[in-house]
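Listed features, source TrEMBL:
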- 132-165: compositional bias 'Polar residues' (COMPBIAS)
- 203-212: compositional bias 'Acidic residues' (COMPBIAS)
- 227-236: compositional bias 'Acidic residues' (COMPBIAS)
- 108-239: region 'Disordered' (REGION)
- 699-720: region 'Disordered' (REGION)
- 249-290: repeat 'WD' (REPEAT)
- 350-392: repeat 'WD' (REPEAT)
- 445-479: repeat 'WD' (REPEAT)
Amino acid sequence: MLWVTFPPVKYVLGWAWSTFQFPIYKMGFVGPDSVAWSISNRIIFYRKLQSSRDDEAEVAKKFSREAKMEDDAEIYDGIRAEFPMTFGKQSKPQTSLEAIHSATRRTATANLPEKLPPSSSSSANQAKDLPSISSSSKEWLTSLRNSKSANPKPDFSSNGGSATDETGLVGPPRPPAYPNSNSDEDGGVMIGPPRPPPVQSGSDDEEEEEEMIGPPRPPPGLNEGDLGSDEEEEEENRYRIPQSNEIVLKGHTKVVSALAVDHSGSRVLSGSYDYTVHMYDFQGMNSRLASFRQLEPSEGHQVRNLSWSPTADRFLCVTGSAQAKIYDRDGLTLGEFVKGDMYIRDLKNTKGHISGLTWGEWHPKNKETILTSSEDGSLRIWDVNDFKSQKQVIKPKLARPGRVPVTTCTWDREGKCIAGGIADGSIQIWNLKPGWGSRPDIYVENSHSDDITGLKFSSDGRLLLSRSFDGSLKVWDLRQIKVPLKVFEDLPNHYAQTNIAFSPDEQLFLTGTSVERESTTGGLLCLYDRAKLELVSRVGISPTCSVVQCTWHPKLNQIFATSGNKSQGGTHVLYDPTLSERGALVCVARAPRKKSVDDFEAKPVIHNPHALPLFRDQPSRKRLREKELKDPMKSHKPELPVTGPGFGGRVGVSAGSLLTQYLLKQGGMIKETWMEEDPREAILKHADAAEKDPKYIAPAYAQTQPEPVFAKSDSDDEEK
């Protein structure tokens, strides 16, 4: 404070020197430069003095403001004490991320290898009871268990003492009892084999000289189950499968058959057999996981596939109709491809597909090109800028002439190759090169015994994966395509959109399975090792719903799997908080906004008594009922039928139950005579009246044919 209040000594001396320098300058003892220097020091002194005063005023204001705030806080606390704690605006409780991820943690999943060795049977039983979680999640659970049991009770049964005697032990365990100290066991009976003798000091050299046969013994205190769990942890650390947590994007009423995640991982599309497409945005979605838009591309047609463009600004929607649609990123329709003429026999002469579509994908590099396949037996390449006609028509090779549906199609990673699955079980591959046609470059006949539902190229272009209705997944080497490298069986498949997907590093590939009637496993997500071609893990998705489509997003490191049945459908997102990024982590941690008064909109009631009858509101039912009661006709109660003898002019039951029956029995008032008359005589009795007073036919021929001329029958013709 002294330095702020008093300026430096330099400026004080300069101020004093400038005060006495003017008279000295007048006498001629000091030059003009010295006078200018003294004046500048004087100005600096006044400025420093003013700034120090401003600082003091600012400090005083600050202290007064703090004192006022303390007084206001005391007044508020005094008033707030008169009201209950629930009164007024409440502060929002902050939920920790650990609690949020604990709520989405998977509780029971299946993670079973294809064949287990007999030595690891106990570890397999433990794996069935425990969820399949990652090593990081296991460490998290272990920390929780250790925090709950901070001072566990040790087991001393292995050290020769009874565990029941040591229940109250505090501190380190007792040293083991040696066989020489038999003070406690002299009178007891030994059960089992005798204990080994204590190790002598001289026997160490002999054991070192002996050769060890077989693998080294495991360290003491390690069980077979611990070995199996360590191996599983090593496998999971190697593949880093994000499966510890799970969320479900719901909203569909039937199985979800189509899935597409954009390249940035911010938006997810899901299509279903309920004819709708739901759009989800991770950045704008909260923990309620609701879609921001719903579309119905083609009324009454199932959604079969969805595909984003390379720039993720548009997406392709393929339904059961013959026309594919293009939408922008926000779900607005940009165009619909034309439908071909179904009466033209040659498919190359039609401008589009003539039957329902089965699959469609966007070109992986070119944002203007897409590929579709159809039940009409053709594949077509389209230009997005021209919805009126296709660029290329591909007719697959067939064993016999006809129309065989193309069930699926796909591009390779560079977009230079097309693969198609044909309903006759064949796989055909075309290389896009100058002058190429419909003749396939690779033709695999009878690759599957049933329809092919999914095809997938590897990024290096060496492998091709195929999935089929026959319950198998086959791995093909494109350099030797005649025989598959590996065939995985026992993969039930009941949906035509079941696909295959690769992991981001392509060490694994995965597919889903369908639920069978008598099966107890449910819908599974099976992961396989690409190098070893063996089953790595089975992740249980749903006990009652089938898994149709799946994908492993490279940027999010999250696994998406669609599932459903005839009554429900959803998209399961598997992630790990320690391995995954953004995506599900963003929306799960965002709490939904509470409703305020502004969210409720009261619909006003407008009364317009002078409106026209067309726009007039319907009166209330109460007024209509009162008006009808005043009407004598509508309010008249009908008379009940007579049950006894007649009275008041009404015929009773004894005379013939009903009035009509009574009149018919009497036979005088109602009598039907037309059944007894001759129709010729009934017509001719009106002949005299028609001749005297003609009305219709005779006046029309009065001038041209006053006398009617009838055709005379020829006897010869009649005899013939």
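Yeah, the Cβs are placed from backbone N, Cα and C, and that goes for glycine too.
Because TrEMBL annotations are produced automatically, they should be read as predictions rather than curated entries.
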Checking distant contacts: for the repeat 'WD' (445-479), what same-chain residues at least six beyond its ends satisfy Cβ-Cβ under 8 A?
399, 407-414, 417, 419-423, 425-427, 429, 485-502, 506, 509, 511, 528, 530, 533
DSSP-derived helix, strand and coil totals, residue by residue, for the repeat 'WD' (249-290):
0 helix, 21 strand, 21 coil
With DSSP helix as H/G/I and strand as E/B, how many residues of the repeat 'WD' (350-392) fall in helix, strand and coil?
0 helix, 18 strand, 25 coil
Just give the helix, strand and coil counts over the repeat 'WD' (445-479), going by DSSP.
0 helix, 17 strand, 18 coil
Mean of pLDDT values spanning the repeat 'WD' (445-479):
93
